[in-house]
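What follows is a set of notes on a single structure, which appears directly below.
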């Protein structure tokens, strides 16, 4: 496994694979890797000859009051984990390497599907994601790129701009990896106190209960209200509880496959989760 | 020479060149080709194994009161000219092929350098250029892309987003090709009446006179005022007469290399031109 910190070094490391027309898989991350990320790498290894994992805490996707400075940087530990799952190249650039010294004037924005859910509380967040992911795609030029369904809205945004801009790669979404008690794995789980960590699985429990209630004929609005009540009672400050179609369109009733979305804070830590609910026609 | 009208057909036609790792050159056009475009193709042939020319009148870069519907479409004539200069592949997609049937939600915008000159009178124009050029870049995946310096601001915008987004190609600017009387070649020259065509070279004459006056010590503001007066007297309605650094920054005096920019209307036809003026330090 090689670790590259410059765009030029990355290009040099990828050159033999490109010349041999090998299949390149790409897993963009912000580091502080957990089993969710490692699952992405394992999925990439299954269908790609060479797997690149980027580790870059992207400043332009954090809002002014978000956790950019405190976001955990754990490169040594991440490298060890990536070596174990067969990553071929780590790309870990500095902010200077990614954004250069001249001002960036270009922005990429995706409308409509960024307007609510996490987009509402995090203005500019998905623009920052779109810009950095596009830059990374252009550096790595992978055949396949892997993203977790945990950040479902992010995955939808990436699918959208890849299609709209004809970026020549296939985006692959990978199901959420959960702890034994159901909590969706996230780097931000590390911010939780022992007590908060006990409460956190309530999100998944309430989503599961909601899916079951929907299947049993409870109305969508009642089900969403129940999730909110459960979380509030457990000590969360709920940001949103919403249902959308799998393509993030608004939906009023359980009339087709849908996705339930939750964002809620425990103390200062904002957790998100989602659950797809199949509709049997 | 092959002509492809679908993204899939283009990919298939380019596949052998890509497999053999040949150098691909790309010249995006809106068709109605003249000697200016053909010069771009000749420049591309000099350094590339395979040259692709796209012909696509891009609806999203035209404003609501602009000439999208009346813009000349002359594919047969264009194909003949391109065959003569050694173009390998023409890519002439439909609007449906380029933009698909689902709504496009993604936009690319470049700030600052699009705020004035042609950007002021054509809101959204450069966004439309950035989106279509990015899409074409992703379809063709060229090593080099060629653009005329006639659309100097457009060239600067393309250089900017290529750098900001790390698009893996080199942008090459090619000097303006002019008629014998100095008029910069443009598809829109075909809109001019015989009388207007006689007047049109006044733009270049006034730019040349301005460059000479600058070299002789005349002030920049006086020189710009003179261009405007000359054009107005000749029957133009002047949109702008401006000076900028070669990187499109504002400039108050002739203290470094600069570019003089003109946009002016003769009847309904909007003509643009520019002239680079070297400063001897």
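Just so you know, glycine gets a Cβ as well, placed from its N, Cα and C.
The ATP binding site annotation in TrEMBL covers A:30-37, A:148-151, A:177, A:185-188. Cβ neighbours of residue A:36 (ATP binding site) (same chain, under 8 Å, six or more residues apart in sequence): A:148, A:150, A:176, A:177, A:184, A:185, A:186. In three-state terms derived from DSSP, residue A:36 (ATP binding site) belongs to a helical segment.
Shown in sequence order, A:27, A:29, A:53, A:148 are the residues of the chain, 6+ apart in sequence, with a C-beta less than 8 angstroms from the C-beta of residue A:37 (active site, proton donor). The annotation active site, proton donor is assigned in TrEMBL to A:37.
Here TrEMBL flags A:61 as beta-alanine binding site. If you take the C-beta of residue A:61 (beta-alanine binding site) and look for same-chain residues 6 or more apart in sequence within under 8 angstroms, you find A:124, A:125, A:126, A:128, A:129, A:132.
According to its DSSP assignment, residue A:154 ((R)-pantoate binding site) is helical. Taking all protein chains in view, 21 other C-beta atoms sit within 10 angstroms of the C-beta of residue A:154 ((R)-pantoate binding site). Positions annotated as (R)-pantoate binding site by TrEMBL: A:61, A:154.
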Euclidean distance between Cα atoms of residue A:30 (ATP binding site) and residue A:154 ((R)-pantoate binding site), Å: 14
Most Cβ neighbours inside 10 Å, all chains, among the binding-site residues A:30, A:33, A:177: A:33
Cβ neighbours within the same chain of residue A:149 (ATP binding site) - under 8 Å, at least six residues apart: A:155, A:173, A:174, A:175, A:176, A:274, A:276
Residues near residue A:187 (ATP binding site) in space but at least six apart in sequence (CB under 8 A): A:30, A:31, A:32, A:34, A:71, A:72
Per DSSP, three-state class assigned to residue A:61 (beta-alanine binding site): helix
